[in-house]
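Listed in TrEMBL:
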DOMAIN    A:11-57  domain 'Cyclic nucleotide-binding'
DOMAIN    A:145-221  domain 'HTH crp-type'
2 protein chains.
Amino acid sequence: MITELYLKGRLRHGLSQEEAEAIDDAIDHVITLEPREKLVTRGEKVEQSYYIIDGSMMRCIDDARGFRQIVGLQVPGDWVDLHSFPMKRLDHDVHALAASRLAVFRHERLQKLIDDRPHLARIMWFSTLLDAAMHREWIFRLGRLNAEGRIAHLICELLERLRLVGRLEESSFPFPLTQQDFAEASGITTTHANRTFRLLRERGLLDHDENTREMTIIDEQSLRELGEFKPDYLYGEGALHLNTAFADKPA
Amino acid sequence: MITELYLKGRLRHGLSQEEAEAIDDAIDHVITLEPREKLVTRGEKVEQSYYIIDGSMMRCIDDARGFRQIVGLQVPGDWVDLHSFPMKRLDHDVHALAASRLAVFRHERLQKLIDDRPHLARIMWFSTLLDAAMHREWIFRLGRLNAEGRIAHLICELLERLRLVGRLEESSFPFPLTQQDFAEASGITTTHANRTFRLLRERGLLDHDENTREMTIIDEQSLRELGEFKPDYLYGEGALHLNTAFADKPA
DNA sequence: CGCTGCATTGAAATATCTCAATCAATGTGG
DNA sequence: CCACATTGATTGAGATATTTCAATGCAGCG
């Protein structure tokens, strides 16, 4: 199954086998992207949405001087821009981070998919609401935390999301973000992001391999405290058993 | 019509008369709130959603020390927490700002409403996506703008949203936010918000009546430049010959 | 080799926060 | 009517966080 990670750890049990297959069948084709390749430009009219099979993407808005604010990061199992299906255009750009493989869904095809299956329409609605919940948490992160907290929170979020879809091996941080990316996602300068990482290193919360350039998370618990990270917003349900809205009626 | 402002200036033309009436008919009852009254608490399980007939609301997340981050503001014509319909609980608190009148929709009733009318389901999906677009713009606002820009941007957004639903008379700012509220929505301290307002006043962009405590917007154009405000993310009709998603198929 | 991209550091400038205090308007109880 | 508490706006002075600008180092790569 190409879309096997969709909502994994969240509502996967709310999808019947038949529905899951119907989603897979609705794929138009699969594309691959180079690292950092641009996929969609703000304002463009779009006719299809993308689902991440493998890789990672970012969504960003540029300021007047051309500096970038990352407004969202997407991992395997996420739709990059499902909201463009109802909206028909995006209010932000979309780029690949790592080399990525995406499933392309034409909106026309999605329309048919949900015409036949109202339950799938609500599943898809639900996944765009998870994005919105993450947006709100990012507003909190930028509005209330200092540089250390912002970076700690972001790391915790990514760890948790990768864990949910089973893409987290060991404790090394498997996400292709440079310090500049962290800065652009955290509303701080690259210089300051660098100094912040040094602080986190000095406190023994994480480490950075000089050679492989890979980050290792040493003390996730302390990072959570520093970033005031509570993962409930990633589930849309708090405890999985609370959400019976969709689990009740698989198909 | 109680919900006559719903999506006004946006997709109102995408709603047929019959659909608009069906929404009104789905109202369970109407409640009123005192200024600053709390409506929903983060994490609570909810069985209904609220639509603002009159008044204004805020959505907020508290930090570890109990300080508040406002993550969203709602005006007449908005749903406060439509996302709780698919999500079943909220990741943030909801409070009234001004005295408000809300229409209450039981989820059960909403379910019936959209079971019969898939087009309405998509309309409601669309309105939660508008919220998400505003969230993204707030991430940009907090991440890339300084205090002046953040406040200017917020003022511009509220002016534009009130204009869209026809609730903007003259140039005075008709929104019951204190300087502390502005601070809590902008990731700055109240003290600094105060100094920022003084700056904006000294530059002649706005004014503040000592007696009535009312703010007057003098130079909206300059505020837009300062806040790098581009209203496209609000998906208003004016900017939106592109959005034909729902206009195509009113019922 | 000499690129290029990314990480790193220093020093000075600036934005913002913290804490403490004052003021004006409003509302309350007596 | 006054005394008093409350709320929101305002200000000052010093501390701190973050930015800016400029420079260096290091690794991979053609």
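A Cβ is built for glycine as well, from the same backbone N, Cα and C atoms used for every other residue.
Keep in mind that this is a model prediction, so the values were computed, not measured.
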With DSSP, how much of the domain 'HTH crp-type' (A:145-221) is helix, how much strand and how much coil, in residues?
41 helix, 8 strand, 28 coil
Which numbers of helix, strand and coil residues does DSSP report for the domain 'Cyclic nucleotide-binding' (A:11-57)?
12 helix, 17 strand, 18 coil
What is the average pLDDT across the domain 'Cyclic nucleotide-binding' (A:11-57)?
93
